[in-house]
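Taken straight from TrEMBL:
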type	residues	note
ACT_SITE	Asp247	active site, proton donor
BINDING	Arg55, Gly56, Ala57, Arg97, Gln206, Asn257, Lys258	substrate binding site
SITE	Cys167	site 'Transition state stabilizer'
Amino acid sequence: MSKEQQDKSEVLQSLRWEKDALSLLDQRLLPEEIVYLRLTSPQDVWAAIRELKVRGAPAIGIAAAYGVVLGVADSIADSQTWEAEVNRHAEYLATSRPTAVNLFWALDRMKARARNLALSGTPAAEAKKALLAEAQLIQAEDEATNRLIGEHALTLFKDGMGILTHCNAGGLATAKYGTALAPFYLALEQGIHLKVFADETRPVLQGARLTAFELQQAGVDVTLICDNMAGHVMSKGWIQAVIVGTDRVAANGDVANKIGTYSVAVLAKAHNIPFYVACPLSTIDLSTPTGADIPIEERHADEVSIGFGKRTAPQGVAVYNPAFDITPNEYVTAIITEKGIIQAPYDINLKNLFNN
Ligand code: MRU
């Protein structure tokens, strides 16, 4: 793995395929440093996902797809055994993080492509190129999808509204635009003024380090608050809507997202503020019945106790550090997808989204 420094004024892309390698923005270093890593193996990609160098549900799916491409790049397998290699790399990459379903969705898509290539007897050299094209297609589709999500979401917002978001579901978490942040980029293009409040999002500060950074860079009106200030700004009447991304939506409409999302949803309900969730169809998992069935990642205690580069809690204290929580469907006003905006009853309406 090698590193490349970039000028702060350039438009930031979370990841891109470049010269036979995956060029990936190290999000752990933001906002202080802009460094692109050159990843050349599935092991590099696995570690980048696990260590949050790349994070956000769609972005980790795209990264993992490229990880599969890197896995077979130097393979000398013949077309018979080549598919088994793809599957082995995909299974390995799937162990990097458990909650965001986009990771498994993207890997399944790569496996399905490899299956087709094997069935059609495509020679390994040609199949490798086709697999790269598939990963690039996943990335391009994500960008187009997010723009559509942004268009639908923007119909819910009016000039002058204050909107709160939690974590980072922006361009950095996706191929471009983001999901929850997409309407803010589109509003900017259309001269609609929205005032965004970004929760800092403890413990690893995706809101402060990433959302505040990317919106400020783009010229969106963004104000950073600590997580425990959300109720206060709502009570002042400054927030007319909440919009967040998600790592997985269960078949009944329960939503897994960054830890703290549930508290924001409860606060929104208490203040009669609509709570919107923005996501592509690839984040909706009809095979997971309810939120209780979504695996919640638990991360290292150091993220909580040495969170700001220094020890902020006594050595050895017990720490509980779940990375995500579940917002029950009754708190979700609507789910905004590339196919439009859906509301309760989610069990029926989510199913219909895939049937139509
Ligand atoms: O732990 P992270 O930073 O990967 O968590 C990210 C989130 O919770 C996002 O809100 C979610 O993945 C949606 S990104 C479009």
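Along the chain as shown, the residues are counted starting at 1.
Note that Cβ sites are derived from N, Cα and C of the backbone, with glycine treated the same way.
Nobody curates TrEMBL annotations by hand; they come from automatic prediction.
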Residues satisfying Cβ distance under 8 Å from Arg55 (substrate binding site), sequence separation of at least 6: Gln27, Ile49, Asn168, Ala173, Gln206
Shortest C-alpha distance to Asp247 (active site, proton donor) - which of the recorded positions Gly56, Ala57, Arg97, Cys167, Lys258: Ala57
Surrounding CB atoms that lie within 10 Å of the CB of Asp247 (active site, proton donor), all protein chains: 30
Rounded inter-Cα distance in Å - Asn257 (substrate binding site), Cys167 (site 'Transition state stabilizer'): 9
Residues near Cys167 (site 'Transition state stabilizer') in space but at least six apart in sequence (CB under 8 A): Asp199, Thr201, Gln206, Gly207, Thr211, Val244, Gly245, Asn257, Lys258, Gly260, Thr261
Those residues of the chain, 6+ apart, with a Cβ under 8 Å from that of Arg97 (substrate binding site): Ile49, Arg50, Ile60, Leu103, Glu297
